[in-house]
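One structure below.
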Amino acid sequence: MADTGTGGSSSSGTRSGGKHSSTPADNYYLARRRTLQVVVSSLLTEAGFESSEKAAVETMTEMLQSYISEIGRSAKSFCEHTARTQPTLSDIVVTLVEMGFNVETLPAYAKRSQRMVITAPPVTNQPMTPKALTAGQNKPHPSHIPGHFPEFPDPHTYIKTPTYREPVSDYQILREKAASQRRDVERALTRFMAKTGETQSLFKDDVSTFPCKTINPVAGHIVSSKMLCV
């Protein structure tokens, strides 16, 4: 009845998607959105409309998308409630009943004479999120693990790779390492003593360089006036 008007509404709805996006996720979303806009335009034509405003088409498209999303969400909930992973027709029927839809009117509506046949949209695979790191082949599930369980992680996350390192046996290297460790221990102990007691500095302008711990005389003992310096 109003093919020209419908074409205008659908084309206007298609242009509403905005500028072309280069990312696969945006292309996938725009393809679904355009399909819903064609469906809304066809329903408007069946209802006798010859033209429609862009805002009206967008509003009805959003309502249709929300309705379908709610059907999918509720069907998934009923499916998981019965310990299943794939929704069945009974899940959809229960969902429609819960949403207040009379399912008995569906056969007559599907066989209506004035309905318009819409060309199936091209198959668009949902974009997969790329992995940051992939090393090796993932291990398949054993026979006792259901297939809907998550896949095994990358092998490098759980496979043990033993490393072998020859022990150091050179005498000179061992002596240098022991002397270095001894110096580190002495330096750490001296700094600890300097920080926990009264200290003096060899330089008046910079008290943080070479802090020295004053050795106080003790009764009954002869103590020299030397100071421990770091």
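A Cβ is built for glycine as well, from the same backbone N, Cα and C atoms used for every other residue.
The compositional bias 'Gly residues' annotation in TrEMBL covers 1-10.
As annotated by TrEMBL, compositional bias 'Low complexity' applies to 11-23.
Residues or ranges marked as domain 'Bromodomain associated' by TrEMBL: 28-105. Residue counts for the domain 'Bromodomain associated' (28-105) under DSSP, split into helix (H, G, I), strand (E, B) and coil, are 60 helix, 0 strand, 18 coil.
The region 'Disordered' annotation in TrEMBL covers 1-26.
Regional average pLDDT for the domain 'Bromodomain associated' (28-105) in the model is 89.
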